[in-house]
């Protein structure tokens, strides 16, 4: 991968930054707080932003630029495997895409989403490889020395060993599946051992069943023939018996019907006599109707007029009352409208004045909002200082650096003492060995060597060795504690180094805050809020007045409409009174008296008309009953004739039916049906059994074939199993060999770089693979020593050497290295060495991007980009 261009918008101190990178060593240089590391973080976020980064505690709010217009956006152009890519992320809209150029045209390389883009980049360059071998972050140079397991994970990903391990495990599963198949087939062969016997037994049973089927099939036809004859005889006798029963029922029904007709005739004759008497009575009442008709006509006319008159009168009086009240209310509202019109004009003038003043105050309110944002940022940054002031942070950092120097000097002094003690111990042990071998003269003092003198010297040297070992143990423990303290101190140093950057940001923001006149701005804001509240209140009142004035205007038309309705109602009322007078009445009371006089005649007329209607109805019913009586007599004669015919037929049928013969035939029919049913059921049972036996035979023969196939397949599976086991062994051996060769190469590169850093003090870096661990050792004076032997500065140098070795190993596959401030924890001599290493080693990597505030590194760079902070914004300047 080679990064060609990075565009950053509203990311931390970067408002709009465009940086182009070239092949070779690219150096981004600038003072602390100028946005150098932020640019590298933008590359990390741009490439890998996903749940993984969010779970590590990185949030959008932490890198979104305060006061920035528009959202945070990152665009990265890079090249990989001779293909050009453009990656874009917009964090405010949660939009992302990755495009690749093919044949001069751009197409989407993945789904356009945050997670899909990150997944695609992960396939090109895994996140853990990028973070541990490609991108060496500020203060994290020696972090890879902390855990053997983490280091092993990085090495596995760099070497693609995970794929081999996956293949190894997949083959293990295949081996298990093959074994299961072999066991399954062996089990099947064991289960089907007596297959030939089962086939023979089923074939014998089939022959037996087929013989019985033939026997039953020959018996059935004659029995079925006799059954059909008997069934016909029984059917004929049952038909006669049924007809006899049916005729008996019909005769009984006809007799019942005859009785009913006789009773009906008696009832009709009685009803006819009663109706004749009632008709005579009603004819006497009806004869007075002509006399009453004139009075009834007058009554109806007057009563109809009165009802209509009273209804219209009530309606008109009610409407007049309602319209006159509404007219009065409208006139009052119209009078009030003039006052509201004047108030509306007064409010409009006041709103214009307030609006003008609000526009004047708006810039002050916006400026105060910016100031508040700066205050919030200062508070958030101060919270990260854990209660310390910026000055206290600088003071604490200086104190920690001083303490680190003291501990390193103490470790150096102790290391020298340990070396001296080990030398003294070795000298004493060498003297004891020489004394054991010596004869004649003493190798120590030159005197004659007696056994007593020899014993005395050896005891003295042994005692001295014991004292040296005790002192060595105490001193080694003291050194271990100092190194533990040094590691803790370096963690604090990294923490306070970050806090120092935060403190500088706070100073910059506080300086910016001083540029705001907060007291004046807050006063303007209070005035703005008060005027805004008054403006909204007046605006609401004006809207209410305007609605009222619109309603008043509409009421003018309503008033004219109501006045017209009142006029028409009064005309209609006068017309109603005129109609009353035309009938000859001066008042409604006179009309009611006449209606009361006519009511007696009306009641008599109504009663007579009811009787007239009843008379007509009775005469109609009388005629109907006479007709009904004639019909009943005719029906009675028909029923008597039908009874006589049915009884004759019944007598004839009874002479043809013999009950004893019928019962004998029925018993024979049941017996034959049972016999046929039994034989048929047995035949069906035998046929089903034959089909089952045939199916069983087919299955058994298939199993026999499968059994033979299973024997052949077992042989094939056993051969395949042998091949799988052989392949697993080869993968395991290759993985071990590949890892060993790679670690040897990484060890060679790291040894060369680390030896240069330490002026040859440490001759080698040993990288050794163990189960799920990759361990590191250094060689000092020909002996392997653990990393606890190193001073703090030497650990930084080793961390840098190992990371550079990983990057150098990746040359040709991933030609990219990113270094963020590699020099802060290196002394002057090691910084000088780093320049030499850059010239001799980093030149092999196609592209190196390095961030530093150290001007010395410019000499080793091919392309220098300078960042500076102006007005809280990062600015880019290409130096060379």
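Using N, Cα and C of the backbone, Cβ positions are placed for all residues, glycine too.
According to Swiss-Prot:
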- 12, 32-38, 138, 789-794: ATP binding site (BINDING)
- 442, 445: Zn(2+) binding site (BINDING)
- 225-336: coiled coil (COILED)
- 391-744: coiled coil (COILED)
- 397-494: domain 'Zinc-hook' (DOMAIN)
Return the count of C-beta atoms lying within 10 angstroms of the C-beta of residue 790 (ATP binding site), excluding that atom itself.
24
Around the Cβ of residue 37 (ATP binding site), the count of other Cβ atoms that are within 10 Å:
20
Taken over the domain 'Zinc-hook' (397-494), the model's mean pLDDT:
82
List of residues, in chain order, with Cβ under 8 A from that of residue 33 (ATP binding site) and at least 6 apart:
13, 501, 504, 505, 508, 869
For 35, 792, listed as binding-site residues, tell me which one has the smallest number of other Cβ atoms within 10 Å.
792
Three-state secondary structure, residue 792 (ATP binding site) (per DSSP):
helix
What same-chain residues, at least 6 away in sequence, bring their CB to under 8 Å of the CB of residue 12 (ATP binding site)?
35, 38, 41, 63, 65, 874
For the domain 'Zinc-hook' (397-494), give the DSSP counts of helix residues, strand residues and coil residues.
85 helix, 2 strand, 11 coil
What is the total of other Cβ atoms whose distance to the Cβ of residue 794 (ATP binding site) is within 10 Å?
21
